[in-house]
């Protein structure tokens with residue numbers, strides 16, 4: 001039902017399905033299953049976190065790491081203590097039912113309910129397609145606040161069993177936060193490096209390559225949980241560290257397997273989590289206390305809004321791209337709670353926390369409110385506020401190149417200024433990675449250059465060696481692309497050509513020369529431009545036709561102009577006939593172009609007016625300027641160089657030809673009567689301008 005899924009998030013629908021299934025099971029007299037914490041933390045949560053960590057948008061995450069850490073650490077601590085303190089005050093004022101709940105129990109409950117849940121955030125934010133900045137801020141906060149939640153949960157749980165809590169215990173608890181977070185990251189990095197190193201030797205067993213990714217990631221999570229470190233941070237660190245090296249070593253099919261198996265696995269886990277939430281709501285024992293539940297819900301919203309506003313005011317003092325009020329609203333509104341809080345509440349021991357059922361009821365109420373109310377209304381609010389959405393298309397190569405160029409530029413500017421910002425340290429890390437780490441963790445030549453360029457060089461080397469062996473190396477241009485090389489089929493040699501036989505030493509020497517020099521000479525690729533692209537034949541024909549018509553019009557205008565210009569020292573017809581008789585070769589027209597104008601040019605000075613010796617213009621219908629005939633349109637002007645100089649003492653004249661036909665007589669009369677005199681051309685101006 002598309003109309004329902006466009007309004008209600010999938011997580012809400014799955015919880016409703018869980019409620020219906022739980023009610024059905026309870027209706028037939030059976031006991032519905034409850035989402036046990038061991039099943040949740042050991043089997044359902046790791047696939048979702050590994051999928052998020054392995055495909056984490058690393059650039060946005062690292063650029064906003066400071067903001068994410070402030071929201072995750074300071075924001076979660078603020079929420080936990082604000083909630084715990086206020087709820088303790090409510091319990092003291094709330095009557096006999098709440099008086100027995102102490103400060104430690106309230107602080108523990110505050111630490112459970114204060115953390116933003118990554119599963120709920122992923123489920124809702126991926127459906128509304130929010131922009132990358134807001135998505136990574138809220139989702140990154142939900143991932144990294146796990147360390148704070150784990151520390152506070154175990155800390156208050158331990159303190160509850162103490163008779164007296166000393167200052168030393170509080171200081172040790174504070175330091176345990178660094179141990180849990182840094183320890184989790186360290187465990188993840190170690191397993192990520194081991195996975196990358198293992199993938200270096202799997203070229204002969206491609207089938208089990210994806211298994212190493214899942215195996216080492218899960219071992220990182222279990223090892224962290226074994227020592228009460230942050231398992232979520234270990235999974236994220238292992239996924240981020242292993243991905244670039246593993247993908248350089250494994251095959252394309254293995255990469256596809258990892259991608260789709262992780263997506264399927266995380267989707268199944270997410271579905272089971274939300275269904276089990278619904279079933280557990282029906283099956284669990286509940287203790288409803290209006291004062292405590294409503295106070296919890298209200299204080300959760302107030303603490304989230306106040307925390308985001310205060311922290312954003314502080315963060316914007318240091319950010320270049322400021323967080324706008326719209327962004328702050330979405331960050332505060334996107335603080336969803338989910339199954340992690342429920343599982344942590346379910347783990348509480350009745351011995352120390354007799355009010356566990358009331359805590360679970362309040363946790364489920366907060367989860368339902370955030371997932372249903374906030375999850376369903378965040379999409380229309382995003383549209384109403386016109387918050388920027390995520391770009392669905394991938395970035396083009398042009399954008400990637402310019403992004404890298406700007407990174408290099410900013411790194412250089414930071415070095416010149418002496419300001420060691422994150423571009424400087426990122427460049428240092430990249431250099432160290434390229435110089436040392438890649439050589440150890442990536443097999444073959446791919447450790448030295450990107451995979452695409454390595455593949456291009458490999459293909460070019462293969463084709464070049466084949467062409468040398470077939471004798472076709474002389475036919476290849478010096479700069480040629482891979483596509484053009486692949487399209488070359490070595491032709492069979494003509495029978496009369498005999499190739500000299502190459503000795504083994506000579507052949508090895510040629511191959512060595514190719515290996516050392518061919519890649520270097522071809523690293524500069526030919527770029528496409530409008531001159532090298534294949535032209536459309538119809539477009540070329542149209543262009544030729546338009547050019548021909550344009551030239552014909554210009555020629556017609558020029559001829560009309562020349563006919564109104566006074567003749568150059570016109571002689572009588574008798575003198576003209578005498579000159580033609582004395583030099584017939586210079587004025588002989590072309591055989592197949594009787595009616596075409598003829599220009600004879602003196603090669604000594606082709607740009608001066610004196611260089612024009614003879615011009616024939618014979619339009620249809622006497623002296624009127626009619627359009628040129630089709631033959632004239634096709635042939636144009638016929639230009640001929642005089643083979644012999646004209647007879648001395650005579651001037652160049654305009655004459656139609658050697659014969660004395662009536663049409664020639666009309667032409668001479670037209671030339672002898674020039675009409676009104678136009679303005680004289682300026683001195684030095686060519687009679688026929690260049691380019692015409």
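Start at 1 and count along the chain as shown; that gives each residue its number.
Glycine is treated like the rest: Cβ placed from N, Cα and C.
TrEMBL lists transmembrane segment for one of the ranges 328-347, 388-407, namely 328-347. Below 8 angstroms of C-beta separation, residues 66-67, 70-71, 74-75, 78-79, 82-83, 86-87, 90-91, 94-95, 97-98, 109, 113-114, 322-323, 327-328, 331-332, 335, 337, 358, 361-362, 365-366, 369 of the same chain, each at least six residues beyond the ends of the transmembrane segment (290-316), sit close to that stretch. Panel annotation: around the transmembrane segment (136-156), residues 49, 52-53, 57, 60-61, 64-65, 67-69, 71-73, 75-77, 80, 104, 107-108, 111-112, 114-118, 121-122, 125, 173, 176-177, 180-181, 184, 228-233, 236, 330-331, 334-335, 340, 344 of the same chain, lying at least six beyond its termini, place a Cβ under 8 Å from a Cβ of the stretch. Counting only same-chain residues 6+ beyond the ends of the transmembrane segment (6-25), those with a CB under 8 A from a CB of the stretch are 31-32, 120, 123-124, 127, 270-271, 274-283, 368, 371-372, 375-376, 379.
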